[in-house]
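What follows is a single structure, written as structure tokens, with notes after it.
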Amino acid sequence: MSNAERGAAGGAADGGAAGQGDAAGHGGVPGGGAPRDGGATNAVEQTLRHLRTLDAPVEEADDAPSQGPLTLEDLYLQHRMRLVRLAILLVDEPATAEDVVQEAFTGLHRNWAKLRDAAAAVGYLRAAVVNGSRSVLRRRKTAREYVPPHAVNARSAESLAMLSTEHQAVVKALSKLPPRQREVLVLRYYGGLSEAEISEATGISKGTVKSTASRALEALQRTMPDSKR
């Protein structure tokens, strides 16, 4: 792994393509297997995959085939919206999420020549967004400040308005989880990442990814009465 890739996530920055790893296609916690908290698992999975579907048309429209080698502009057009949504789910504030993603692309530009390929570049961006979101939450906690809701951008407002009451309740419950637990669930179900890819993006071991997901789902099961049905 190059120094540039380590820089984005403290040694975790070159995840592969989303949704194709050892957890892809499985419900429950990353890595497959039968979830102990099926109600919460289904609620989170349905909500975040629904959001992913709402965002997909924009990405597909921007994802025009490029001529020649992949460029930074290609990556920006193809991945920016998904990364912004990822950051929104992690920091609860669209304006800050935009800043986090912009910083990630700035870092990618600085290290562009050092990255091996497109997959490494996407992994770098994911890890940078996760780390940037962590920094935001740390500063927020240290300052003990109340951050009022900001006016969402047009795309965010459109997606959120299309969520049912049940889906909105899931997003609210996710926002109350500890940051690491929220990261793991959002990366799994919204990002469509495998256990190994989540490990690379967050800088924690695969075993920790699995146990963190399990604890997160147990917490949601307790706080979301409807998920027990």
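Cβ atoms are placed via backbone N, Cα and C, with glycine included.
All annotation found in TrEMBL is predicted automatically rather than curated by experts.
Look at TrEMBL and you will find 1-40 tagged as region 'Disordered'.
The feature compositional bias 'Gly residues' is assigned by TrEMBL to 8-36.
Residues or ranges marked as domain 'RNA polymerase sigma-70 region 2' by TrEMBL: 75-141.
Break the domain 'RNA polymerase sigma factor 70 region 4 type 2' (168-220) down by DSSP state and the numbers are 43 helix, 0 strand, 10 coil. The feature domain 'RNA polymerase sigma factor 70 region 4 type 2' is assigned by TrEMBL to 168-220.
For the domain 'RNA polymerase sigma-70 region 2' (75-141), the DSSP-based tally of helix, strand and coil residues reads 62 helix, 0 strand, 5 coil. Residues belonging to the domain 'RNA polymerase sigma factor 70 region 4 type 2' (168-220) score a mean pLDDT of 93 in the model.
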